[in-house]
Amino acid sequence: MTRILVIDDEPQIRKFMRISLSANGYDVIEAETAADGIAAARGQSPDLLILDLGLPDLDGQEVISAVRESSDVPIIVLSVRAEELDKVEALDRGANDYVVKPFGIAELMARVRAVVRQRGAKEAADAVIEAGGVRIDLTRRVVIRGGEEQRLSKKEWELLEVFARSPDRLLTHRDLLLKVWGPAHVDNTAYLRVYVNQLRQKLEADPSQPTLIVNEPGIGYRLKM
């Protein structure tokens, strides 16, 4: 059974989450402080972490960083903070998704299912990924579209590989630049835009209306499964 750790200082929210998640077949662990949450993340091996940013002992953004020091467990942020800067910071620190309170439980459950699927894909990172009519073989480093192998440059492959290892996950500009070009180029979004466009030309049915590598304005891109 998928185990979900909920870190929130509001008892009513934790109760609501426990009831909703349990009704959908998930095992729920609860923590009301950042310290307890970090300890549970490290000691109880959850499959997913749902985190509120407004904790009494430590800001939730710091919790993301602390968890990421030792774990790649998926993290969904729940927060009343709706500013783009807060969302970008959380994603840059390693969160997988960001949901603004108040939220609909049906939407949250859909996001939970999506992240759990991503977790499975990440654990099978050597598997063949298929998305939008494109077949990506991460082991053989081969990309097939329409039955034909697509020739990619070294950087194009590196960028596509980052997307393929995190399917459906929103990856920020900074995260992509850091992984493909390194820390000296994290502000060079022009690099990223050029290579994303090159990949779209080779992989999209209609590069002007992309459905495979989609843009989240001001934040980043995701590979749609």
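The backbone N, Cα and C atoms fix where each Cβ goes, and this holds for glycine too.
Worth saying up front: this structure is predicted, and the values here are computed from it rather than measured.
Straight from TrEMBL, the features:
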DNA_BIND  126-225  DNA-binding region
DOMAIN    3-116  domain 'Response regulatory'
DOMAIN    126-225  domain 'OmpR/PhoB-type'
MOD_RES   ASP52  4-aspartylphosphate
Cβ atoms other than its own within 10 Å of the Cβ of ASP52 (4-aspartylphosphate), all chains, total 23
Report the mean pLDDT of the predicted model across the domain 'Response regulatory' (3-116), rounded to a whole number. 93
